[in-house]
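As given in TrEMBL:
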BINDING   N11, N64, G74, N75, N144, N178, E195, R196, G205, T206  substrate binding site
ACT_SITE  C73  active site
ACT_SITE  C73  active site, proton donor
ACT_SITE  C204  active site, proton acceptor
Amino acid sequence: MEFAKGHGTGNDFVIVPDPEDALPLKDAQVALLCDRRFGIGGDGLLRVVPSEDPAAEWFMDYRNADGSIAEMCGNGVRVFVRYLLDKGLAAGPEVAVATRAGIKTVTVVGDELRVDMGAAEFGAVSQASVEGFTWPGQAVSMGNPHLVCHLGDEAELEALELFHQPRYDAALFPDGVNVEFVTGTAPHVRMRVHERGVGETASCGTGACAVGAVALRHAGLDTGVCRVDVPGGTLTIEVTADTLFMTGPAVIVAEGAFRL
């Protein structure tokens, strides 16, 4: 089985080209491919398959590292488009990609890629707990669920233990939730994230979108730009009157074959 490996701000993915849609992967197979000791290693898997939507040629079949299906991945869609461009499967500067969260338009901007992520949808105020400590959080949907929790300072953020899923309100998030912990205020914030089905990652694109939207709202701004620093780099989030744009890097680092 052919594969490629890529990352966006350290959020890394196994890419499986399947132009004939002939390689439906079981959960256990995805988990093996994403295993860093027994497989290739990655925070998730991107299967490149033909789209059934006439608005896009390719569908991003995104799976979490444990094999579970996810609606959307912001870093993943940039890596997906970088792969398409490198392989001549799409022509820039704009590429439409079908996802479980709808069509996403990705634009080449210099060395980076800019994604029209759609508007952030704000939900209820909730909370998350880690090792007996609890923080209030804002529920946000970016096509997938997020809970953005603001911490007091950098030391508190650094000390967080995110090996395990933070506790959350399962009634509010029946399908699980990605939890972001944030310091700072717009236009510059810093975050760490625990992704459902994965664990802590170096970056989460949709999480950075949720964080940027919340930071701007807390600053009393309906629109604006927010820089979001993640452990793996920086993403730029721009909120307009009707949508949200995420801009960041995407790199293909390896190609090969895997005996599945």
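Positions of Cβ are set from backbone N, Cα and C atoms, glycine also.
Known features from TrEMBL, placed on the structure.
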residue : record                       : DSSP (3 states)
N11     : substrate binding site       : strand
C73     : active site                  : coil
N144    : substrate binding site       : coil
E195    : substrate binding site       : strand
C204    : active site, proton acceptor : coil
Measuring Cα to Cα, how many Å separate E195 (substrate binding site) from C204 (active site, proton acceptor)?
8
Could you name the residues, excluding N11, N64, G74, N75, N144, N178, E195, R196, G205, T206, of the same chain that surround the substrate site, i.e. Cβ within 8 Å of the Cβ centre of those residues, in sequence order?
G44, A70, M72, C73, G76, V193, V198, T201, C204, G207
Tally every other Cβ atom lying within 10 Å of the Cβ atom of E195 (substrate binding site).
28
Tell me the Cβ contacts of G205 (substrate binding site) under 8 Å, same chain only and six or more apart in sequence, or just say none.
G8, T9, N11, C73, G74, N75, G76, V77, R78, V115, L235, M246, G248
If you count Cβ atoms within 10 Å of the Cβ of C73 (active site), leaving out that atom itself, what do you get?
29
